[in-house]
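Here is what Swiss-Prot says about this protein:
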TRANSMEM  4-26  transmembrane segment
TRANSMEM  33-55  transmembrane segment
TRANSMEM  88-110  transmembrane segment
TRANSMEM  117-139  transmembrane segment
TRANSMEM  159-178  transmembrane segment
TRANSMEM  362-381  transmembrane segment
TRANSMEM  385-407  transmembrane segment
TRANSMEM  428-450  transmembrane segment
TRANSMEM  455-477  transmembrane segment
TRANSMEM  520-542  transmembrane segment
Amino acid sequence: MNAIGNFLVGTPVFTIFICLALGYLLGKLKIGSFTLGATVGVLIVALLIGQLGVFPRDTLLGDIFFDFFMFAIGYRVGPSFISSMKKFGAKIVYATLIFLVSAFIVAYACFKMFHIGPGIAAGIIAGGLTQSAVIGSSLETISKLPISDHLKTLYSNQIPIVYTLTYVFGTIGVLIFLRDIMPKLMHIDLKKQAVKTAKELDMIPVPVIVASTHFYTINDGSSLIGQTLGTVNTKFAKGLVAAGLNDSADMASVINAGDVLAISGGIDEIGRAVQEFNLLEVTGKTKAYVSKQVVLKKNFSADVLKNAQDKGVLVATLAGDVMDPAQFSTLKPAESVTLVGQKDAVSEVQSQLGRLRAAENIINYSWFALGIALSAALGIVGTKVSGVPIALGGGTASLIVGLVQSIYRDKHAHMDTIPDSLLEFFQSIGLNLFIATVGLSAAKTFISAIQSMGISVLLIGAVISILPHIITFVICYYLMKMEPISIIGAQTGADTLSAALNDVSERVGSDASPFFAAAVAPAYAIGNIFLTLMGPIFIVLLS
């Protein structure tokens, strides 16, 4: 056993990544509808493996990946934060702040009443309020406290252990309250209420008929023979354009039997035109026709849309749904459209409308690196509380910078971005690699810490998990008269409870899940920032 322990301590790269591998597997295990999740799985594995030796924590490695994690959260939630605020207004923010203030007051009262120390308090906030980022921000604050190294080690080791103990009720207990108990208290059917409100707010997804270009041979006897391409364009139904003839977009071209006509539009409209004008589809594609996404440089009138269609260019939404003139004229600068048609004609129209939108799958490495660099600089900004310096911290700064950068990029979509798949990777691996380093270093004190803390930590954690939700529900529903699903969404986001987001989204169904996610988004961003700061604040107040 000593040989295994020595090997694990001596090869930290192997140890950390075996914790990740086994932790992700453990996190997938289901108990009923509950899954531990990757973070708890990695922490449990790290605490178990950590019993085999003394593992010093690599703070630089952990901090870098923790910053990656927080930056990814901010970047992913940025655009939805703004759109959700526009739809729901200030009430979601009020509900979020009510929850956060309630959580702080309840937690502070419990900590004082039961004489809870700084490390245990931060662990309860992290686990009971399901905000694992508190672990990183609290460890950073502990390192700056004017206390002995022994106490710093004690507090640092207590945090991940208490997090593990309180996380289960913080997830399951609160999930049951939000998903099952609150709807009954409000006398609603979760799915029916969500669909009803989503319809009222025009947030039910509408099936999109994607515009594309298809090619057809002009048969003998077709009524289009002898007409110009421009004339045919005027005869087509709304939502269709004659994009080109024999790969040319010259609207003066005369149509003859055997020519190949390109038609852009929705497949249903194209099908009706094929029947009406006696056309035969040609298989295969040609490089002469393209689809390009364009970022508008200013407001345009409906006449601009008509001019584009007169040139054989179809204008559609980003999703590919054909736009009508009224819809086009309401678009604002920095919004995007899709142009479909012959490449020369599309290029001409694109130059009038704005810049090409950058592809979403191209990684802007400079943008990402700049974000992390700015986060490190912003993270040192802070103040002193009771003589102890409290900085924003690299993690919280990363979340804020990610949020700002994503909103900026959303307004300047010609810039390359950071693909969501990469952000998802950083969000998951960044947090869990950090958690693995923390768990390994704290493992040796795990058993003794549980024995010394007893059942009281679980009970205090349960109170801090659930009581702020009850207070927020009473105020928002009975006093503020908020819409029920918005209340559940705000409390889910404020508590950064991903399990509730996933579970309630499934319960309300695919039609209403975008509405519920939109209610969660602004609260989630605010909750991430303030809960992450709450741990360090309690560290200072209780030291």
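Using the three backbone atoms N, Cα and C, a Cβ is placed for every residue, glycine included.
Source: prediction; values computed, not measured.
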What stretch in 4-26, 33-55, 117-139, 159-178, 362-381 has the biggest tally of Cβ pairs under 8 Å against the transmembrane segment (455-477)?
159-178
Excluding the flanking five residues on each side, which residues at least 6 beyond the ends of the transmembrane segment (428-450) place their CB within less than 8 Å of a CB in that stretch?
15-16, 19-20, 23-24, 38-39, 42-51, 54-58, 61-63, 65-70, 72, 132-133, 135-136, 139, 154, 156-162, 165
For the transmembrane segment (159-178), give me same-chain residues lying six or more residues beyond its boundaries with a C-beta closer than 8 angstroms to one of its C-beta atoms, as numbers and ranges.
34, 37, 40, 43-44, 47, 119-120, 122-124, 126-130, 132, 134-135, 138-139, 435, 438-439, 442, 445-446, 449-450, 453, 457-458, 461-462, 465-466, 469-470, 488, 491-492, 495, 497, 499-500, 503-504
Between the transmembrane segment (33-55) and the transmembrane segment (4-26), are there three or more C-beta pairs closer than 8 Å, counting only pairs 6 or more apart along the chain?
yes
Does the transmembrane segment (117-139) reach the transmembrane segment (88-110), going by 3 or more CB pairs under 8 Å (6 or more apart in sequence)?
yes
Count the Cβ pairs between the transmembrane segment (88-110) and the transmembrane segment (520-542) that lie under 8 angstroms and are 6 or more residues apart in sequence, then report whether there are at least 3.
yes
